[in-house]
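To start, the structure under review is shown below, and the notes come after it.
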Amino acid sequence: MTELPFDNSTRFAGKRVHLGICGSIACYRAADLLRAWRKLNIHVSATITESAQRFVSPMLFKSLGAMPVYESMFAPDEDVFAHLEPGQHAHAMVVAPTSADTLARLAHGNASDMLAAQALAFDGPLIIAPAMNPRMWDNSAVKANVAVLRERGAHIVAPGHGEAACGDTGFGRMADLPEIFLAVLRALSPQDMKGRKALVTAGPTREPWDGFRYWSNPSSGLMGASLAVCAFLRGAEVTALCGPINVTGALFLPDEVRRCAVESAREMFDAAQTLWPRMDMGIFAAAVADFSPQSIGQKKFKKSESPEGFTLAFHPNPDILETLAHSRKSEQKVLGFAAETVSTMQELLPMAAAKLKRKKADVLAANRVNEPAAGFCAPTNSVAVVDSRGREEIWPMQSKADVAWDLCSWLSQF
Ligand code: CTP
């Protein structure tokens, strides 16, 4: 399973999810979803339809921590009100994979098996991840069922494109697991950023000096990606401006986050300036190069052209955060960072306060880039946070997902 920005969050511990699994070749993938939610200490109960039990055993899901695991409505040792249980306890219900048959049952309010009855008795957020043959997915009966469920507020995680097990190609295979994983986390998150448009900058920039080489830094983009995902989970409509990342998988963003790839500081600045007037908030987490080297041509610079070495002049780049924050409307909110090299967390506070003031941010988080666990590429971060109302705190080392979560909480108070 792809590494996710949020698979080490501690902010969902104690939440309860009910997982329905239907008969489909994709049902073995539900085991990975279960593991991912369990890793976050989410309590997961499950219902495996009788068709699904022909593909996978309930024992697999029990062994991975689902509790209880329902197998059928009239199993001898089943509680008589088991079909009402998830409705009383779960904060979200997800059916992954959802077969065409269960989709029809859900759309029509049919309660003829345990899963359909449980869904009928559940009035919380319902997430549906269909999986079926592409011709079935194209059928107008299925389309009508999907439309009905959408209209009633169910979240459909649309299937992806590819070759089905039968050899047919088209849309029908169950969505990628991170999309389903995050759709459920979104249903479990407070929607304090709902309806707000957020611009997030993430990752490094690359400043070319010949046609093939550049000046850059080792930012993984993980802090920015965690913030983009966090704002998305909390209801924002997110546009992420991403510098080029080398580390595969470090910058996973769900399909619903609009992703714009840029290379240089200048490109990031131009894109940010164009987008900014439509935004309600800006989250500036990119490690933007403050200076760019002069370019010495579009060809590869040959050793023979300067065997004694050479000198490059650097010119300053515009400060994206500072420029946009200074030109903002009063309702636009701004979160920035400060990368500093100091020996103690305490020293960060006055530096963060000075940068917050200079850049006109609402919230600013400073970290020690000389601390390996809090610098570029680390999965964790420890920050000193200040805001424009004079609040200041030093946070302990925690995952970047948790740092992002708490920073969004600070920002959404503005
Ligand atoms: N930033 C930006 N554009 C730049 C440089 C920085 O948007 N050209 C943003 C970063 O995304 C971060 C904040 O400004 O949110 C602070 O970046 P940092 O590198 O700590 O500070 P600088 O402004 O570059 O100042 P200095 O190098 O003097 O510490």
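In case you wondered, yes, glycine gets a Cβ from its N, Cα and C as well.
Database features (TrEMBL):
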- Cys166: active site, proton donor (ACT_SITE)
- Asp290, Lys300, Pro318, Asp319, Ile320, Leu321, Phe337, Lys355, Lys359: CTP binding site (BINDING)
- 15-187: domain 'Flavoprotein' (DOMAIN)
- 193-412: domain 'DNA/pantothenate metabolism flavoprotein C-terminal' (DOMAIN)
- 1-197: region 'Phosphopantothenoylcysteine decarboxylase' (REGION)
- 198-414: region 'Phosphopantothenate--cysteine ligase' (REGION)
Cβ atoms near Lys359 (CTP binding site) (within 10 Å, other residues, all chains): 19
Which same-chain residues, if any, lie at least 6 apart from Ile320 (CTP binding site) yet have Cβ under 8 Å of it: Thr201, Ala265, Met268, Phe269, Ala272, Phe284, Ala286, Val288
Cβ-Cβ neighbours of Asp290 (CTP binding site) (radius 10 Å): 13
Pairwise C-alpha maximum, in angstrom, for the residues (Asp290, Lys300, Pro318, Asp319, Ile320, Leu321, Phe337, Lys355, Lys359) that bind CTP according to the record: 39
Cα separation, the residue listed as 'active site, proton donor' to Phe337 (CTP binding site) (Å, whole number): 50
Residue among the recorded positions Cys166, Pro318, Phe337 whose Cβ has the most other Cβ atoms within 10 Å: Phe337
